[in-house]
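Take a look at the structure below.
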Amino acid sequence: MTSPQPVHGHPATGQVLDLVLRVADHQVVGPEGLLLGNVDNLVLREHEGRLLVTGFVSGPGGLGPRLPGSLGRWVQAVWRRLRSDADSQPTVVPLSAVARIGSAVEVTRHGQQVLASGMGLEHWLRTYVVSRIPGAKGGEDRLEGEPVQDAAQHVWSPGPGSHLLSDLLGARVRSAQGEDLGAVLDVCAEAVAPTGAAVGVLRVRGLSYGPRATGSELGYTEDPRQGPLVLRVLFRRLHRAHRYVPLEAVDVDWQARVVTVAPSARPVHPHQR
Amino acid sequence: MKKLFALALGILTAIGGFVDIGDLVTNALVGSRFGLSLVWVVAVGVLGICVFAEMSGRVAAVSGRATFDLVRERLGPRLGLANLLASMAVTALTLTAEIGGVALALELATSVNPYLWIPVVGAAVWLVLWRVRFAVLENAFGLAGLALVVFAVAVWQMGPDWSALWNDATHPSVPGNESLPTYLYYAVALFGAAMTPYEVFFFSSGGVEEHWTADSLRTMRANVFVGFPLGGLLSVSIAVATALVFLPEGIQVGTLGQVALPVVLELGKIGLALALLGFFAATFGAACETGLSVGYSIAQYFGWQWGKYVPPLRAARFHTVVLLSCIAGVALLLTTVDPVQVTEYSVVFSAIALPLTYFPILVVANDRTYMGRHANGRLANTLGTVYLVVVIVASVAALPLMLVTKAGQ
Amino acid sequence: MTARSGCPRLVRAAVALAVVLSVLLQTACATPAFDRGAYLQNAKAALESATSEARTAELAASARLSGRATRAYTDTVVTSSEKAMGPIQTSFGGVDPASRQDDALRDTVLGVLGDTEDALAQARIAVRRNDRPALGRARIELAELGQRLQDTRDGLP
């Protein structure tokens with residue numbers, strides 16, 4: 001077996017995380033360093049007036065909603081057709097099964113098993129293609145094949161109070177007067193319930209939004225010191241109208257994908273939050 | 001002692017592994033048409049690949065993340081996907097050119113039609129990727145690629161007027177019978193041949209496969225800053241050899257056989273044998289690297305298990321992609337396209353696609369959350385910014401120049 | 001990033017691909033000669049390419065004669081030079097001369113191109129038969145043709 005993949009970066013507990021920059025689209029790594037997928041989407045849940053990040057989705061079911069228009073629908077449709085059950089929903093890994101969030105998202109053994117149960121393509125290719133080639137090895141043990149007992153718990157179901165991060169990203173942001181302020185670009189969250197070795201649930205604190213999406217995931221809007229100088233200046237100028245606003249000061253209409261900023265709110269540039 | 005040996009081995013394989021079909025063909029062609037007036041581009045390209053590879057190697061060592069992993073993370077799924085498709089198309093084109101190059105090298109050795117060799121080569125490349133360990137692959141082909149040193153020996157034997165050569169190289173001008181757009185088109189091609197994106201996918205993914213850490217940075221830098229420039233010298237020696245032999249005769253290089261001719265004339269059959277060994281090793285090694293790179297980039301975008309450090313069954317999707325890309329490369333060649341022409345296009349498209357991966361790496365190498373004290377310093381950022389401009393200019397200029405010059409005719 | 005910004009990007013990629021493909025197709029096709037200048041340009045290009053092939057084969061043949069090259073190598077080089085002559089002749093011969101006064105030019109150029117192809121074929125046969133005297137004769141012929149091609153090219157206005 002390989003030695004554990006070195007994962008550097010910050011521990012997540014008690015710290016503020018920009019979900020798009022620091023969590024979404026990151027590599028998911030198992031306890032032994034196996035590469036298990038990408039964080040394709042995050043699951044948000046409304047709970048007692050708070051918005052919590054409870055888990056992440058990996059695979060086409062989570063990626064589809066983040067791809068543009070018909071390409072995204074097509075990816076989801078193909079993925080659904082290939083699933084055995086007719087109306088399947090993407091598998092969710094709870095954040096209680098996430099050990100660390102660094103340059104990769106490290107999951108626990110439980111998280112690895114949940115993810116393995118969703119890897120249809122890998123298992124199909126393993127069984128019907130690669131294992132038939134002479135010299136194939138490494139599949140003798142059943143490390144990943146272990147199905148999860150309570151599979152139903154790990155499925156995302158759309159419903160009142162249950163959302164995906166992609167529902168919020170790109171949503172239009174309006175002032176109380178109806179003026180268009182741009183689109184939601186990033187969501188800021190903090191760890192509230194770290195349990196032992198796990199990251200646990202995150203609470204959403206606020207949103208970043210702005211009229212220009214180009215380069216908003218590069219990190220210049222979050223870190224005022226990131227170089228090189230030319231790019232720092234360029235993106236600071238490009239993103240000068242970007243604003244951060246606490247979640248309490250906005251009203252989210254999930255159906256219409258519109259976020260309204262309260263008149264009393266004092267949005268600041270993300271550098272000044 | 002053992003450490004020193006490992007360091008020397010790393011540098012030697014970096015030299016031998018630097019040259020691929022793109023470098024062979026483009027340098028020989030440019031030497032025969034433009035003499036030494038474009039050598040400065042090789043110098044610019046080699047420094048560029050050093051800057052790029054050092055950054056991506058450092059990011060891979062410190063953060064454990066390879067190139068396409070970061071492309072997806074920093075550009076998001078949409079732009080990342082467009083980037084993936086473009087980079088993969090270019091890498092697959094390069095793979096096709098390399099497989100064709102191996103077949104042409106075998107044809108020169110046996111005079112058996114290359115189209116009979118192509119399926120055999122495709123199968124052999126896949127078999128090596130399927131069965132042979134990463135380190136063996138890298139070392140064997142890298143060391144055998146050093147045989148290309150015969151070009152430098154041949155130039156030495158010709159006993160050229162060194163000061164005139166130096167003067168030509170340092171005072172570049174457009175030759176009288178060529179137009180400025182053609183000159184610039186080949187400048188872009190030569191730049192793309194030196195700075196091919198797959199080299200960096202392979203380098204950084206290899207770093208992750210070999211579990212580099214911050215302690216590996218010194219070795220990595222030695223490989224890059226000693227190995228790559230010496231590999232670049234091999235490229236230049238090919239251009240000098242063809243410039244000396246072909247330029248006065250009005251011969252324009254269009255086949256791999258012509259590339260070897262200066263060595264054959266000067267050093268005879270032993271020279272020919274070494275040149276062919278060098279061609280074979282350089283193209284076969286690069287075919288393996290590009291084949292893996294296609295798999296790396298798709299797997300890293302989707303987060304799939306990739307690499308040769310896990311048993312094949314653990315990375316079924318990755319190995320399927322590698323297998324399919326070998327089949328696709330062979331299929332494209334069997335449409336009877338000329339591998340040399342595929343090479344000429346692949347280096348230009350490499351230059352076009354380069355900013356797509358260069359830019360995200362430059363950004364992440366500056367992210368202190370990941371990189372800590374290993375983030376880009378002032379020198380890395382100055383060079384990194386200069387090359388960002390160079391890479392963008394080359395990329396933007398490539399297509400218009402291709403149109404105007406009818407692909408360099 | 002908004003949902004709208006993704007689509008035009010894909011459209012742009014598709015447009016770029018279409019442009020690239022059309023360029024590749026255009027470069028593959030011969031263009032008709034619009035005027036005398038264009039026709040002369042065609043002739044020069046054909047003669048230059050043929051000179052390159054003739055001289056390559058000549059060098060390969062002399063390397064073989066002096067024992068510096070293997071049979072397989074010389075065969076491959078000479079054969080690919082010979083094969084290259086076909087497209088050179090078609091790309092020039094397929095273009096109509098701009099006017100009657102260019103007919104003579106057409107005959108001259110096609111004549112010397114044809115002779116070159118014949119000489120290359122003889123060299124190829126000699127290499128494959130390992131017939132040294134015949135290869136020697138073919139080499140001399142190729143050297144002369146290289147000069148003739150060069151002179152014809154230099155004689156064009």
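Using N, Cα and C of the backbone, Cβ positions are placed for all residues, glycine too.
Sequence annotations record features per position, and here TrEMBL assigns transmembrane segment to B:40-61, B:81-106, B:112-129, B:141-159, B:183-203, B:224-247, B:267-294, B:315-335, B:347-365, B:386-404.
Between the transmembrane segment (B:81-106) and the stretches B:40-61, B:112-129, B:141-159, B:267-294, B:347-365, it is B:267-294 that has the most C-beta pairs under 8 angstroms. For the transmembrane segment (B:315-335), the list of distant contacts is 92, 95-96, 99-100, 103, 115, 118-119, 121-123, 125-126, 129-130, 287, 291-292, 294-296, 298-299, 302, 304-307, 342: same-chain residues at least six beyond its ends, Cβ to Cβ under 8 Å. Same-chain residues lying 6 or more positions outside the transmembrane segment (B:347-365) and placing a CB less than 8 Å from one of its CB atoms are 22, 26, 52, 55-56, 58-59, 63, 65, 67-68, 70-71, 73-75, 83, 86-87, 89-90, 93-94, 185, 188-193, 195-197, 200-201, 371, 375-376, 380, 384-385, 387-388, 391-392, 394-395, 398-399, 402, 407. The transmembrane segment (B:224-247) makes no contact with the transmembrane segment (B:112-129): fewer than 3 of their CB pairs lie within 8 A, with pairs spaced 6 or more apart in sequence.
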